[in-house]
Amino acid sequence: MAESAFPSAQQPLRVGTKDDKAAAFQKISEEDEYEVTSPTDPTFRSANAAAASSSTGSPFFGGSYGENSGPIRFNRSPFDNGPREEDEEGADEFPPEDIRPTGAANQGFPNNYALGRRTSVSAESLNPTSAGSDSWTPPYHEKTEEQLSRLKTAVSSNFLFSHLDDDQFKSVLDALVEKPIPAKGIKVISQGDAGDYFYIVENGHFDFMIHPSGSVQPGPDGMGNKVGSVGPGGSFGELALMYNAPRAATVVSVDPKSTLWALDRITFRRILMDSAFQRRRMYEAFLEEVPLLSSLKPYERAKIADALDAIKYPAGSTIIAEGDPGDAFYLLESGEADAFKNGVEGPVKSYKRGDYFGELALLDDKPRAASIVAKTDVKVAKLGRDGFKRLLGPVEDIMRRAEYESNPVPA
């Protein structure tokens with residue numbers, strides 16, 4: 001969890017003589033000289049290069065963990081992942097040239113994608129601030145309404161997709177690419193192989209086979225024993241979307257003709273990363289326009305942007321009610337809303353995308369002065385007072401700092 005900008009370990013700011021104030025704020029000024037910029041700032045890489053170079057193996061944007069980690073074996077659900085050894089005689093392999101990233105021209109993929117992997121749990125590093133990130137668009141593969149409906153049902157029931165917002169969910173559905181399986185006995189994935197793809201079954205059936213050795217062996221029984229099966233609407237290989245852990249089972253087609261939908265890990269992670277990065281940048285821009293928060297440093301705005309919770313309200317619903325305690329601040333991310341006061345006919349104020357309300361709740365818990373009602377379907381970003389104080393300390397301290405910076409105490 002991010003440290004507070006005003007740790008409790010520090011001595012509280014004393015309100016005494018002018019010399020006391022000057023000394024205290026001089027200390028703040030000196031500390032701010034070494035602050036980092038927001039990761040969404042275009043100068044982030046150069047501004048923090050020196051700090052990054054002083055630490056080897058940093059996890060930020062390209063650092064790595066566990067370079068010397070050994071192989072890991074999984075003996076759990078067959079819906080898992082992994083590297084290739086020998087194939088069972090008489091079984092066809094799913095054509096490797098068909099299993100490539102679905103992004104246009106593999107744009108932005110690491111050079112060593114899916115090459116020479118060891119059987120460790122890891123994932124590629126992606127940098128949202130790298131060149132070309134702003135121009136990247138998720139791949140799109142056309143589907144019928146019936147196909148979209150079935151895929152939506154299949155994806156919605158999977159734990160990996162339960163947290164996606166509407167835009168991310170749509171991008172995932174659009175990125176799924178159709179993979180025909182033309183015959184019976186084709187191995188879609190092999191136990192022990194590195195996993196790169198998640199699959200949804202459109203039609204046909206597939207068996208899950210596990211060999212005690214952890215990989216496919218030569219011979220007629222090289223795939224091991226059947227431990228389960230999946231049919232239309234089912235899915236497998238979801239852990240491949242998180243990291244390239246070894247596949248825990250072999251999946252082989254049962255019917256003469258089947259169809260799968262596939263999504264590769266790089267595209268999935270890029271969708272999540274790009275969406276989160278753009279949302280953070282938007283939130284930071286919103287926060288700059290809030291007078292109460294205008295004195296925040298870039299890294300402080302980044303903290304707040306990450307702490308905002310997105311909430312949806314249907315048209316006509318009440319977001320905050322007049323007279324209720326003020327405990328949260330809201331940014332209107334999309335849609336329109338109106339403010340109403342008891343005894344006043346019609347709205348007293350209207351809000352659109354980029355507007356905010358409830359900011360005084362960050363200062364105290366006085367009752368709300370008006371009700372805010374959604375005029376259309378809206379999406380708001382919510383920040384509670386407790387969350388704000390946990391990240392940055394009391395707003396009063398920030399306002400005091402802003403007052404000093406605009407009117408410094410003379411030496």
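Every residue gets a Cβ built from N, Cα and C, even glycine.
Look at Swiss-Prot and you will find 1-144 tagged as region 'Disordered'.
Residues or ranges marked as region 'Dimerization and phosphorylation' by Swiss-Prot: 23-159.
The compositional bias 'Acidic residues' feature in Swiss-Prot is assigned to 85-96.
Taken from Swiss-Prot, the feature 3',5'-cyclic AMP 1 binding site applies to 160-289. Summarising the environment of ALA194 (3',5'-cyclic AMP 1 binding site), the number of other Cβ atoms within 10 Å of its Cβ, over all protein chains shown, is 23.
In the three-state DSSP scheme, LEU292 (3',5'-cyclic AMP 2 binding site) is classed as helix. According to Swiss-Prot, the 3',5'-cyclic AMP 2 binding site annotation covers 292-411.
If you draw a 10 Å sphere around the CB of ALA245 (3',5'-cyclic AMP 1 binding site), it holds 21 other CB atoms from the protein chains shown.
Geometry remark: ALA262 (3',5'-cyclic AMP 1 binding site) versus ALA307 (3',5'-cyclic AMP 2 binding site), CA distance 33 Å.
With respect to their backbone Cα atoms, LYS352 (3',5'-cyclic AMP 2 binding site) and ARG279 (3',5'-cyclic AMP 1 binding site) stand 17 Å from each other. Comparing Cα positions, GLU322 (3',5'-cyclic AMP 2 binding site) lies closest to VAL177 out of the binding-site residues VAL177, ALA194, HIS211, GLY228.
Highest local Cβ density among the binding-site residues GLY228, PRO367 belongs to GLY228, counted as other Cβ atoms within 10 Å over all protein chains shown.
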